[in-house]
Amino acid sequence: MFLTTVKKGYIYTTLGSKGTCMEVRIRLLVSSFTFMVGIGAIIATLPIVLRSISTNRVEISLAVTVWGLTYLLSNIPAGFLADRIGANRIVPIAFLANVPLGFLMYFGQTALEYTLARALEGVMEALVWTSIIGLMVKNTQDTKILGVSSIYATITLGFTLGPLAANILSSFSSRAPFLLYSSCSVISFLMTASLFKLDTVKLEKVKIKVELGKKTILPLLNALTVGLIESLLIVYAPEISQETKLLSPESLVSEYYFFGLLGQVSVGALYTFILSEHYISLAFIMLGLTFIIVPGSMMFVSIALLGFINAHITSRAQAKIAENMPGVESTGAGLANFAWALGYFLGAPFYSALNPGSLAPQVAIATIVITMLIVYLVIYYLGNPHQRAKA
């Protein structure tokens with residue numbers, strides 16, 4: 001029933017008082033927000049700079065998309081590494097390693113240099129987020145989902161403000177946002193450098209087990225579904241914009257992330273319901289019906305609900321995996337991030353397979369939601385009730 005991967009190593013744990021745990025959480029939140037402002041700035045700037053130095057569409061596309069591939073492949077190894085040597089050590093090192101990447105993009109003259117920088121950035125971000133989520137969960141003494149949702153809320157807020165900062169800085173220099181990225185990485189490093197001082201105790205030599213049973217597979221499936229739907233929304237955005245005739249493609253994506261932010265903020269009030277056994281089924285049914293019933297001209301309503309609910313599902317998936325993998329929370333975070341990135345990576349192939357043009361965007365997204373719901377329910381009802389309650 002279980003596919004088990006065994007890796008020998010050492011488990012480290014962060015010890016400290018309740019006050020120390022609170023300080024760690026604050027440092028993680030502030031550094032995450034600051035770092036994501038820099039990330040949002042370079043995402044908004046990169047296509048413009050690339051078009052100014054290259055007319056080769058393949059080179060430009062590779063420089064933009066290579067991040068997704070390296071991030072996808074790096075998450076699980078990054079989680080293992082964080083649990084092996086301590087997430088509190090990895091976080092500041094990974095932030096600091098992003099600093100030269102900003103300078104590489106600022107001084108870059110070829111698309112190849114940007115491709116290299118983005119590839120390395122994908123690796124560094126995998127190290128950052130698996131370590132931060134793992135460390136946040138370790139230092140959240142109450143309900144784990146509250147720590148996870150607070151990280152995602154700061155990530156979303158920083159990512160939203162980054163392009164605004166880039167727009168201001170680009171009036172001075174088109175490449176100035178790359179320096180902002182390096183500066184934000186430095187600030188995040190300084191905010192987390194003190195984590196090195198936290199006590200890390202080698203508990204014992206153990207076997208790190210990743211049990212891909214129902215209690216792990218279902219949250220991973222949920223994370224993959226969120227990534228897939230999010231990717232489809234982005235590629236369908238131009239068509240949705242034409243149907244609504246109200247919002248631009250960029251505004252539709254911004255709307256999705258804004259309501260995602262509201263969704264993360266609402267976790268504090270709704271976490272009991274979100275963690276309940278039947279939440280996922282109810283959420284998918286609600287999304288599927290909304291995309292079927294709401295007309296294309298009002299699809300911005302469906303997108304708002306999608307962003308709100310996907311935020312809940314993302315935090316729930318991370319929290320469930322963390323609860324089921326005590327002591328190796330960063331490995332769990334790496335698995336969840338891998339699942340999301342895999343879904344996001346598969347969005348474009350699914351878009352092509354759905355025969356765009358012959359299928360309305362709302363029907364296509366509803367089809368994916370309903371299909372993933374069916375897969376979820378089939379897996380959910382296999383096995384014993386005890387496993388279901390933990391999924």
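Including glycine, each Cβ sits where the backbone N, Cα and C put it.
No curator has checked TrEMBL annotations; they are predicted automatically.
Annotation source TrEMBL lists domain 'Major facilitator superfamily (MFS) profile' at 24-387. The annotation transmembrane segment is assigned in TrEMBL to 28-50, 62-82, 89-107, 119-137, 149-172, 178-196, 217-236, 256-275, 282-313, 363-383.
Long-range contacts of the transmembrane segment (363-383) within the same chain, counting only residues at least 6 positions beyond its ends with a Cβ under 8 Å from a Cβ of the stretch, are 1, 214, 217-218, 221-222, 225, 228-229, 232-233, 236, 280-281, 284-285, 287-288, 291-292, 302, 306, 350, 354, 356, 391.
Comparison of 28-50, 119-137, 256-275 by number of C-beta pairs under 8 angstroms to the transmembrane segment (178-196) places 28-50 first.
A Cβ distance under 8 Å defines the sequence-distant neighbours of the transmembrane segment (28-50), meaning residues of its chain 6+ beyond its ends; these are 59-60, 63-64, 91, 95, 98, 102, 105, 108, 111, 114, 118, 125, 128, 132, 135-136, 139, 150-151, 154-163, 165-167, 169-170, 174-175, 177-178, 180-185, 187-189, 191-192. Contact check: the transmembrane segment (256-275) against the transmembrane segment (119-137) gives fewer than three Cβ pairs closer than 8 Å, residues 6 or more apart, which falls short of the contact criterion. With a threshold of 8 Å between CB atoms, the same-chain residues lying at least 6 positions outside the transmembrane segment (217-236) that come near it are 252-253, 256, 280, 303, 306, 310, 313-314, 316-318, 320-321, 324, 335-337, 339-348, 350-351, 356, 361, 364-365, 368-369, 372, 375-376, 379-380, 391. Within its own chain, the transmembrane segment (119-137) has Cβ neighbours under 8 Å at 14, 24-25, 28, 31-32, 35, 39, 66-72, 74-75, 77-79, 81-83, 87-88, 90-91, 93-95, 97-98, 101, 144, 147-148, 150-151, 195, 318-319, 322, 329-334, 337, counting only residues six or more beyond its boundaries. Listed as Cβ neighbours of the transmembrane segment (62-82) (distance under 8 Å, sequence separation of 6 or more from its ends, same chain) are residues 7, 9, 46-47, 50, 90, 111, 114-115, 118-123, 125-127, 130-131, 134, 208, 328, 330-335, 337-338, 341-342, 344-345.
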